[in-house]
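Notes follow once the structure below has been shown.
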Amino acid sequence: MRRITVLGSTGSIGVQALDVIEKNPDLFTVVGLSAGSNADLLGEQAARFSVEHTALGTDESVALVRDVETDVVLNGITGSVGLGPTLAALESGATLALANKESLIVGGDLVKQRVSPGQLVPVDSEHSAIAQALRSGTASEVRRLVLTASGGPFRGRARESLRDVTPREALAHPTWDMGLVVTTNSSTLVNKGLEVIEAHLLFDIDYERIEVTVHPQSIVHSMVEFVDGSTIAQASPPDMRLPISLGLSWPDRVPGVGVPLDWTTSQTWTFEPLDGEAFPSVALAKEVGAAGSTYPAVFNAANEQAVLAFHAGRIGYLDILDTIRAVVDAHSPGSDALTLEGVLEAERWARAEADRLLAG
Ligand SMILES: NC(=O)C1=CN([C@@H]2O[C@H](COP(=O)(O)OP(=O)(O)OC[C@H]3O[C@@H](n4cnc5c(N)ncnc54)[C@H](OP(=O)(O)O)[C@@H]3O)[C@@H](O)[C@H]2O)C=CC1
Ligand SMILES: CC(=O)[C@@H](O)[C@H](O)COP(=O)(O)O
Ligand SMILES: [Mn+2]
């Protein structure tokens, strides 16, 4: 029986994780829950799972992770505020099932240095797919990683045609039902850019050997190409409960957690190149990833500010990418080795710089 702490239990990942746990009472028990501000739902969840320890906000989430003995911490918080809880989870010695990709991306080596072998299990669907595919080979046999992208709701559109799209249109994801930030990021392809950096950090593969292909059906969740020309892909209908369950029970699979593909009906899976002119975010993310230091933190923080401003109706859709680019260009990182204070300071600067540009 694994004891699970779910951070961000009131969100999309958190609610689906509790569904997996509830259906598998012989495998999992919940010992801690946290949310940002939704105290009502958190209270209901605590009552439903008889959980004694709950937390609201980042500081309480960190304390929860430190104080409550647990086998697995699922970090389902959204945004780089998840960094403190991620570091606390690693320090606690528990397995970290990581949906909160932002904490790995902004923390970079600071996070990696704290990870014991096998301690971090990716929950993001693409990275779970790669981790599953890598069970069939060693890292030295990998030629490249190929991340799939749905292409989002604006796939096939030219950049200029996106100037007046609304928040509602940006939230109409074609295949996944997710929280506001990651859904918006899918529409701009910033999510895929973040995921390229995440893949580099998780699997130690150079950026030149990480590619993105657009796969609108979101059935193949990513692929590993090996040195002999073999490619192993992981495929399943789009349902996060599968990678969440693997995060909670790695390396074991949870029987019945997902519905398998139906091979009795016709289906078509398509793959097409990413339109880098309409969606420059992946190329920009590779640039900031390769630059390293505090650049990924600045990229992410500028995006978080711009996404909030877009949903508040303060800026247009194309301003999101323009702002990220301008903030990244204006950034000059300190020359010293990456420190937590350095990352937090770079983030503060990037948020202020983004807000200044957006207000203008
Ligand atoms: N949803 C999905 O299918 C996928 C999500 N991911 C990643 O998983 C993470 C979560 O995404 P998603 O579930 O969609 O997001 P949601 O917006 O649906 O949920 C976010 C959760 O984080 C909580 N939260 C926000 N701020 C804080 C804070 N300061 N301290 C503690 N908890 C906080 C929210 O609480 P409250 O409700 O109180 O605001 C909520 O429980 C993101 O990093 C995303 O990129 C990755 C792959 C797929
Ligand atoms: C389900 C999941 O992992 C999301 O991060 C997903 O990747 C979003 O889809 P796209 O970014 O490919 O549109
Ligand atoms: Mn993903």
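From the backbone N, Cα and C atoms, a Cβ is placed for every residue, glycine too.
Pulled from TrEMBL:
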BINDING   T10, G11, S12, I13, G36, N38, N100, E102, G179  NADPH binding site
BINDING   K101, S125, E126, S150, H173, S186, N191, K192, E195  1-deoxy-D-xylulose 5-phosphate binding site
BINDING   D124, E126, E195  Mn(2+) binding site
DOMAIN    4-63  domain '1-deoxy-D-xylulose 5-phosphate reductoisomerase N-terminal'
DOMAIN    120-203  domain '1-deoxy-D-xylulose 5-phosphate reductoisomerase C-terminal'
DOMAIN    236-352  domain 'DXP reductoisomerase C-terminal'
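TrEMBL feature annotations superimposed on the structure.
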residue : record                                      : DSSP (3 states)
T10     : NADPH binding site                          : coil
G36     : NADPH binding site                          : coil
K101    : 1-deoxy-D-xylulose 5-phosphate binding site : helix
D124    : Mn(2+) binding site                         : coil
H173    : 1-deoxy-D-xylulose 5-phosphate binding site : coil
G179    : NADPH binding site                          : coil
N191    : 1-deoxy-D-xylulose 5-phosphate binding site : helix
Tell me the Cβ neighbour count for D124 (Mn(2+) binding site), meaning other Cβ atoms within 10 Å of its Cβ, over all protein chains shown. 28
Of D124, E126, H173, N191, E195, which binding-site residues are close to N100 (NADPH binding site), meaning a Cα within 10 Å of its Cα? D124
Quick note, D124 (Mn(2+) binding site) and G36 (NADPH binding site): C-alpha atoms separated, nearest Å, by 20
Taking Cα atoms as reference points, rank the binding-site residues T10, S12, G36, G179 by distance from E195 (1-deoxy-D-xylulose 5-phosphate binding site) and give the first. G179
On average, what pLDDT score does this prediction assign to the domain 'DXP reductoisomerase C-terminal' (236-352)? 96
Around K101 (1-deoxy-D-xylulose 5-phosphate binding site), how many other CB atoms lie within 10 A of its CB? 28
Distance between N191 (1-deoxy-D-xylulose 5-phosphate binding site) and S12 (NADPH binding site) at the Cα atoms, whole Å? 16
Which residue counts does DSSP give the domain 'DXP reductoisomerase C-terminal' (236-352) for helix, strand and coil? 63 helix, 2 strand, 52 coil
Listed binding-site residues: T10, S12, G36, N100, D124, E126. Which have a CB under 6 angstroms from an atom of ligand 3? D124, E126
Let me know the largest Cα to Cα distance in Å among the NADPH-binding residues T10, G11, S12, I13, G36, N38, N100, E102, G179, as an integer. 21
Taking ligand 2 as the reference and 6 angstroms as the Cβ limit (strictly under), which binding-site residues among S12, G36, N100, G179 are close? none
When the Cβ positions of the binding-site residues E126, H173, N191, E195 are compared with the atoms of ligand 1, which fall under 6 Å? none
